Amino acid sequence: MTQLAIGKPAPLGAHYDGQGVNFTLFSAHAERVELCIFDANGQEHRYDLPGHSGDIWHGYLPDARPGLRYGYRVHGPWQPAEGHRFNPAKLLIDPCARQIDGEFKDNPLLHAGHNEPDYRDNAAIAPKCVVVVDHYDWEDDAPPRTPWGSTIIYEAHVKGLTYLHPEIPVEIRGTYKALGHPVMINYLKQLGITALELLPVAQFASEPRLQRMGLSNYWGYNPVAMFALHPAYACSPETALDEFRDAIKALHKAGIEVILDIVLNHSAELDLDGPLFSLRGIDNRSYYWIREDGDYHNWTGCGNTLNLSHPAVVDYASACLRYWVETCHVDGFRFDLAAVMGRTPEFRQDAPLFTAIQNCPVLSQVKLIAEPWDIAPGGYQVGNFPPLFAEWNDHFRDAARRFWLHYDLPLGAFAGRFAASSDVFKRNGRLPSAAINLVTAHDGFTLRDCVCFNHKHNEANGEENRDGTNNNYSNNHGKEGLGGTLDLVERRRDSIHALLTTLLLSQGTPMLLAGDEHGHSQHGNNNAYCQDNQLTWLDWSQASSGLTAFTAALIHLRKRIPALVENRWWEEGDGNVRWLNRYAQPLSTDEWQNGPKQLQILLSDRFLIAINATLEVTEIVLPAGEWHAIPPFAGEDNPVITAVWQGPAHGLCVFQR
């Protein structure tokens, strides 16, 4: 049998050099590491990794080739109270594997044991890693590098975006390849999108609980191999990487950036009763935050929390991010539950991973977006991330919904959110683009459901409607559910128009949820993470609707307004913004706090947003000048208005002079 040479301790993972494969694995507490190679018949061959440099185990297998399937068995103590759960009976995934062969099924053999180890061997059913070789012709690909001030983000799910698209070939619908199809790219361009933000594409697993209910993890926030693409989104698992890069190359040629939603806060191994796939069996004590009793700190709500203050885990996370940028040319990341990235365990702006990103010449140059919270004490960190990061602005989301969907909100609070929440983000040299403004996202009601449902309807998730937030700030306008009288439909449409206008004409970086622009509904499900069906797949039959045209017109209008694209904080008297009451006069202190929800926002001295969010038709006196309503608010008969606009209830209009 061929013996392993010592090899090199870097880089991490399995790397083919044309003559063989170098294998490396981090484990600070292991006593022995076996590399397990599987031939075409499934026969296993084991080799001890002979090299041990610091905490890195390594070895080199001559004559090994791409396509080789492998895994690890890691020997060490079984001491749960101290956080050690080594079990060499279980085959483990390389955390840096680039491709996985096999499925992560709910099976007792994929568990290591709770208090006592389960020594039943699982190699016959455990997924295997695959050695890959990286040769790809990027041609003249270059990142679009869209300025933050001009960025329009479109959040989408790889499968759900195209699975029902009638103009995309059936054989590629719901795949990476479909993202780069001309039909999809033309749609995004016509809409005005500059950045496609994808829900997780790294290999993930469905939780055992969901599998037992006949459901699956649809969103993908349950990672198991952070360097490997999820194979279900590929036409062929063997070509997944090239399919993904082909799509990115095509999107780049159209000037569209690609941002990946990435999950660095927890793994699919869940709590102590969860499966054993990789990190828990490699070095549980190093990879996770461990309590004094040996259990996990569950700061994510998913059972475990990655210890991103440990130097080796920081190196792992940094290498993962660099891989996606350097190998796949992605343009940025949205970090799920990103407060975990700054835990030491308390949250710090100079936490090790933040510092590593700041100092990296690759990662410091891409777009970085934080979901700025986790569920631990002190986990709400909106506005507190390092200057390189933009952040999801939930203040904006809640204020926009409260203002337009009939909840009490003072004009001052609304204006503050409209002005990029400067009270939150104007610090440490940050710009207005640091505020990622959103009204909806994958997590929560869709925009249409915000105006059709007062309550969540998550029964299909199998948790008796207990899951999902109850703080929706929604308004069904008098009837729970879709459909209704013509008057009801029109009132809901007006609310959708108002929310979209607020989102797309506010200062900050707007993020649009895919499908909101043509009225996609999840029938009141505000936590559709396990619904891989028509509830979440976009119905493109409405894509040519008036709402789609309305949204596109708003985006193109935004790009014409200097105050919104110059990415500078608005200051008193700088000509960027004036806040006026219904009589075209500056608002008084009392009006800001107690006045009716009527407001005029003059941007760049030429564009006027007139707002009447009250229940009554109201005359709005426009500032001096000749004003025209502009698309998408202009009708066929578009006379010059010099004095008064009849503002309908819950209405708004945009004018230009």
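Keep in mind that glycine also has a Cβ here, set from the backbone N, Cα and C atoms.
Marked as active site, nucleophile by Swiss-Prot on the basis of sequence analysis: ASP336. Take the CB of ASP336 (active site, nucleophile) and look out to 10 A: across all protein chains shown you find 25 other CB atoms.
Look at GLU371 (active site, proton donor): DSSP puts it in coil. Taking a C-beta cut-off of under 8 angstroms and a sequence separation of 6 or more, GLU371 (active site, proton donor) has the following same-chain neighbours: ARG334, PHE335, ASP336, LEU337, ALA338, GLU391, TRP392. Taken from Swiss-Prot, the feature active site, proton donor applies to GLU371.
Sequence annotations record features per position, and here Swiss-Prot assigns region 'Disordered' to 460-479. Residues of the region 'Disordered' (460-479) grouped by DSSP class, helix first, strand second and coil last, total 2 helix, 0 strand, 18 coil.
Around the Cβ of ASP443 (site 'Transition state stabilizer'), the same chain contributes ASN526, ASN527, TYR529, each under 8 angstroms and 6 or more positions distant in sequence. Look at ASP443 (site 'Transition state stabilizer'): DSSP puts it in coil. According to Swiss-Prot, the feature site 'Transition state stabilizer' maps to ASP443, an assignment based on sequence analysis.
Under the DSSP three-state reduction, ASP336 (active site, nucleophile) is assigned to coil, being neither helix nor strand.
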